[in-house]
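What TrEMBL records for Cys54, His96, His100 is Fe cation binding site. Under the heading active site, TrEMBL lists Glu97.
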Amino acid sequence: MYEAPGIGLAATQVNVHKRVVVMDLSEDRSEPRVFINPEIEKLTDEMDQYQEGCLSVPGFYENVDRPQKVRVKALDRDGKPYELVAEGLLAICIQHECDHLNGKLFVDYLSNLKRDRIKKKLEKQHKLNA
């Protein structure tokens, strides 16, 4: 995650079939958070738009609308349950990473046209690198 560089990673992104997310929004990478079996509850209908990118779709960034405020219930790295209310970038990251656990990517929130353009560019890059 840090080497990529990224601020979050879901276990499914590295072919580990567990419901685990790790993220670190600190500037000095000193505050990793672990979410085991996270469950998200939307706390508002208000939406925030952030430009998201993803280690699974490298080099592409698009605006995505997500709920502004969420509650996440999870287990910590010691297996203890905890609850967190998140807003802003933390809320966006939690939702983004938990989407991975449910088989979704940020591009799934885009229009078909934008998603198809990204897919074609990725296929072209793959052919050039093959």
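Note that Cβ sites are derived from N, Cα and C of the backbone, with glycine treated the same way.
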To test your reading of the Fe cation site: which residues beyond Cys54, His96, His100, same chain only, put their Cβ within 8 Å of the Cβ centroid of those residues?
Gly8, Ala10, Gln13, Glu52, Leu55, Ser56, Glu97, Asp99, Lys104, Leu105, Phe106
Other CB atoms within 10 A, centred on Cys54 (Fe cation binding site):
20
Cβ neighbour count within 10 Å of Glu97 (active site):
24
Which one of the binding-site residues (His96, His100) has its C-beta surrounded by the most other C-beta atoms within 10 angstroms?
His96
In DSSP terms, helix, strand or coil for His100 (Fe cation binding site)?
helix
How big is the gap, in Å, between the Cα of Glu97 (active site) and that of Cys54 (Fe cation binding site), rounded to a whole number?
9
